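Participant: As annotated in TrEMBL:
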{"type": "DOMAIN", "residues": "242-388", "note": "domain 'ABC transmembrane type-1'"}
{"type": "TRANSMEM", "residues": "238-261", "note": "transmembrane segment"}
{"type": "TRANSMEM", "residues": "281-307", "note": "transmembrane segment"}
{"type": "TRANSMEM", "residues": "358-388", "note": "transmembrane segment"}
């Protein structure tokens, strides 16, 4: 069953995707049939990498008719039971349109349910059912032979179509009489210009390779200067020594509180304490409160530095995007740009400050532990030094 809906030609159309390849595992026979039905074989021959050519954003390196035919081919290859077409032949030329209609609609889709929205009445005679719409409502629902004699809204559309064709023929006839241009010569000149343009496009594409290149990824260790650039971006690195100082104070107070409890507390019930219980608790609580304040200040400074750094990097990224060349957007999929402003930016906002801080804080804590242990058994330094070297 095939149904058609006649309406205004101003239709919103979908965009082409980023690759001509229809799926990962292809049915070669079915693939060739679809390409032939959609008149795409000659187009693939023009493209420098054939059906492996990467298409830029919004089909930048394709013509309007090519975009439409590729989208139709993708739909046909899926072999669905129901097809919805939104005026797919509106921007193809007068020779390709009938070919697509015959090979696709009356051929491959002959046994399928097809709903085709169009204002091109020349394709309606093959429809099993025609729905005429006016102002968003269905005004007629009949077969072609019945509706052609009804003399209603559909005939107004037919009359408008004939008037448009007659006006177009009169303009072409007037141009022929005034300029005496031979149509065959003009057609040949157009074909030569088109071939030259295609050759030029092919030459450019062969020189440059694929329009959309794979995203470059670096592997290996991150250099020290990358971290240094990151930690000194906010306030020119003024907050970095303050964060280090607060962490060092925290570590000293932690070690001091443990040392104080070990020194002041009695070893057994029979032994007297070095200091009074009140003094023991007072000093210990003071050290713990000092440690807590250091943690609070350290966290505040870390968040301030991380927030400022993320804001600066975010603004620089957007400045670069908004001031780059248009060719960048033609050759870069929008998904990659959005990843930078979403996933990657989220890592800069949340993960990097705490991961960098955790690395520095753990290093200071390790140095403090080594310092305490070396007071009792300095021989352990012989083990610590090679272990730390292997961990870097």
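Here the Cβ of each residue, glycine as well, is placed from N, Cα and C on the backbone.
Values in this document were obtained by computation on a predicted structure and should not be read as measured data.
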Participant: Determine which residues of the chain contact the transmembrane segment (358-388) at the Cβ level, with the cut-off under 8 Å and only residues 6 or more beyond its ends counted.
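Facilitator: Residues 243-244, 247-248, 251-252, 254-255, 298.
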Participant: Helix, strand, coil residue numbers for the domain 'ABC transmembrane type-1' (242-388) per DSSP?
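Facilitator: Counting residues per DSSP class in the domain 'ABC transmembrane type-1' (242-388), I get 129 helix, 0 strand, 18 coil.
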